[in-house]
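Read through the structure below, which is laid out as structure tokens, and then see the notes.
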């Protein structure tokens, strides 16, 4: 029986809107929709994102236990006297405190904590480009394996080589984590059909909040009660977890549905047809000129910049405000410090499901869905920042505003964060590499700006300036996104403009790069040159496609 015919709905740009192709869903059996191979890949990517953020945040907890806090000299910290003192969040009795083994100044601790970040940032764009040419999966798996293995060297480097060697090890860990975002985006582009991207993207990237929620209290527990002096166990335990994940990921996951040897054939066809609309095409060079002129790309870029600036203000500066002005340290309470991340994690998954429901209902376009989700994710925190600047000395209300603001921020995952895949499935990883690198650099401005504004005078009025600036950045970038963003695949990533390859007739399944492929109607991707080849059995009707 010939396959059901598909009708093509073309826009004025002349390319197929793959999410509007008729008949794709019908070709995929209902029994396979509950849990397929792509869902396993999503689960592994979620765990990978969680591991990445565990590795990024565990040092901030460990360094408190590593440093001898009573032996080093402290500069007098300036507090505001507008609010009454409180015993909330006060540290434990100094007599019960375990002092660390290192005499590192506050500035040196800052260099140690930032060393990971610099390694992470400089590898974003290179790995985005490499993933497009050679495939994303191996860079992601091996990068995280390097990150995890070097975690075992953190205690050795600190004890044997001191701060300089520790900085080198953390920098290398950052290099290993560089592929996590661009390569995850590239794999999502190959595995996830358009109408599933909102919830899948939200689930995968919410792994960052899940990892933080797990890392902060568990790291504190290991620092107090772990083996080998406490704090080293943080890196040993998470190093083992990361290594196990990396090996499992490299062993069980594959670059795309075509190279996966055990995926159900119906699921393979469903994914490929919904993503590309046709097979047997060359993937052309990166259209840099067209990307540089794309307003929808700049809308994502600015939204990402505003997100990182505002998020850093919310998560790093507001707790400082509560300590200096409200005399209440939210970081002293593990539950409260993890609550905003937990709220963001739960809310982001809910928004993702709602966004995909909006798309499948047929009442909302991809463009409108992305804009609505992103507006919640960025206008919500902006309003929260403004309100927080006027809460005065109300500690409970400030904690509530922090939690609600960060919770609403989860809307970005169904907004700009997944929008790269809408514009260009084939170059999504590269676009994410550029926006994520730029956004992380912009995130550095938040503590710098706040430090200059409140230096020597941490009053409520000065902190209000910090919050309002961050809110204005959120509002401006979200508004720019709402004006210029698009959920439509762009003309410069139009498969119809690609040069088709001649089909190859074979009698047996093809093997490439160690993976077996079904001979009948499948397409293999050559990771070395980015081209695809269609393998057909003797079927003239299919060859004419």
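Using N, Cα and C of the backbone, Cβ positions are placed for all residues, glycine too.
TrEMBL: automatically predicted annotations, no manual curation.
In TrEMBL, the transmembrane segment annotation falls on 461-484 of the listed ranges 365-388, 461-484, 485-508.
Ranges compared are 68-87, 88-107, 108-127, and TrEMBL records transmembrane segment for 108-127. Per TrEMBL, the listed range annotated as transmembrane segment is 396-416 (candidates: 312-332, 396-416).
The domain 'Major facilitator superfamily (MFS) profile' (37-489) scores a mean pLDDT of 82 in the predicted structure.
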